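According to TrEMBL, the pyruvate binding site annotation covers B:T51. What TrEMBL lists as active site, proton donor/acceptor is B:Y138. Look at TrEMBL and you will find B:K166 tagged as active site, schiff-base intermediate with substrate.
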Number of protein chains: 2
Amino acid sequence: MPTTPTPRLSGLSAFPLTPLHDDVLDRAALAGLVTRLVTAGVDSLTVLGSTGSYAYLSREERAEVARTAVEHAGDVPVLVGIGALRTRDVRALAEDAQDAGAAGVLLAPLTYQQHTEDDVFGLYRDVTADLDVPLVVYDNPGTTRFTFTDELYRRIGALPRVASLKIPPLPADPAAAAGRVAQLRALLPEHVSIGISGDAAAATGLAAGCDLWYSVIAGTLPEPALALTRAVRAGDADGARAQSERLRPLWDLFARHGSLRVTAAVAEHLRLARRSCLPLPIRGLDEAARAEVADVVDRLAPHPAP
Amino acid sequence: MPTTPTPRLSGLSAFPLTPLHDDVLDRAALAGLVTRLVTAGVDSLTVLGSTGSYAYLSREERAEVARTAVEHAGDVPVLVGIGALRTRDVRALAEDAQDAGAAGVLLAPLTYQQHTEDDVFGLYRDVTADLDVPLVVYDNPGTTRFTFTDELYRRIGALPRVASLKIPPLPADPAAAAGRVAQLRALLPEHVSIGISGDAAAATGLAAGCDLWYSVIAGTLPEPALALTRAVRAGDADGARAQSERLRPLWDLFARHGSLRVTAAVAEHLRLARRSCLPLPIRGLDEAARAEVADVVDRLAPHPAP
């Protein structure tokens, strides 16, 4: 059942956690996070990204996450991560996501063995062959250990349903960043949007011409991420950089502990998730790091008890 | 149901492929491989190692592989890989392996997010807590992206049921290799055996005092691996090195294409598996590389048609 064409992805796509409690999906906490993001006004949600722990969850849990997000997202489009090691499983997850009402899907090339360019092209070709919604190509070499070449971007960008490319951080130098975005645009069809990821690189990426920000922090603290995105949209690159600088204590914590553990600690501190919300064997931060996270969050935006 | 104590793992443990056909488990081909290895006289089998594509298979497929191997292995002990990203899933796989009659289990710390030492220790502690068979700690930084420290080896080695440590290649210098094995012995209880992996490093590792060889190539070509292992056991280090040198064209192919794709091509060439026996998205070697593999295999040991 082909769906109607989706508008070009743009603005801010927020990646919520998939909160667990006692190692079981905490559906109520997930619904709360989704409602918080929709209320704040993000442009789209992406559930089951790396921040949503997709790689650790069962097919049944992932279908439940997709359904819960769509149910609480109202008119906000929900993208759903469908990554898995095996092509067969990715295709099944794509079906589940579409059945749940996903506006699009997100696919990273997971690896255990080192995969070749032909393996990865074959994966995207096989998955898009029977897909009815737009697909975001998720380039995250830090977690997947797979590095896309420009030639592979070009080949995959030409596949049907491919709608967006989620790229890792650009060079910090603004001219170099803009040059790289221009280079990517030349490789991709006009309808394929380019989204920056790596939150510390968002202001640079948006100023360099990326269409959107695939944002970890927006999944838990949407307001500062929206402020940054809106500054860029208003042509205020200096304002966007200032917003990003304000968030630097968070970026520093991300660099030290990984964005997932820090984001989970933020959500637990704000009582958006219950303690130990990550899937084992991943343990939360220790008490000292939690205290640092709480301090940074409270200084960013004093918050009332929920 | 606790089992009787298993003798210290030693000698040659052969890692067969898990052959697929049309992306579905080829049970007959797996049974044929197991029978071939048992007939050749390997000391143990390890199914669902990296060579057995464990990370790509479903729980049901993995249980079927374990049952098939045990059914055809006779008196030869069968170890079963139980690795998965999530602790919950590893525990379920451990149960399945024991139900199938595994003599032991093999566990690598898979990662998607970067896992900490405490995450990995917690995984091994939680899994061994309700395990009734010996466990092999599988250190394979090339596929898992997790690097064990010596302190972590020590902590995990002290857990109940931990029976063996599968290590990555040792230094090529014989004295340095022996020194490293002595260092590891000092960290581990006496009953924990040390096994070398990385086939090109086997002769060095066994000569340096490793108890056994966890061998990729023995899963498909057991005779040359047995010849090498027996030379070491007979005190003939020069003979073992000569056997390893004879196999160098294979090690070179492993280095260029990865041992999994080469081993699959060997098995397909010898008609031990049907064409395209690996799980998609992993594609087999191209025609030129297959021709090279066939040439190397035929020169190692001319073989009759099966």
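Here the Cβ of each residue, glycine as well, is placed from N, Cα and C on the backbone.
Where the annotation comes from TrEMBL, it is an automatic prediction and has not been curated.
Long-range Cβ contacts of B:Y138 (active site, proton donor/acceptor) within its own chain (separation 6+, distance under 8 Å): B:G49, B:G81, B:G83, B:L106, B:L107, B:A108, B:K166. Taken residue by residue with DSSP, B:Y138 (active site, proton donor/acceptor) is part of a strand. Around B:T51 (pyruvate binding site), a 10 Å sphere centred on its CB holds 26 further CB atoms from the protein chains shown. Neighbour density for B:K166 (active site, schiff-base intermediate with substrate): within 10 A of its CB lie 26 other CB atoms from the protein chains shown.
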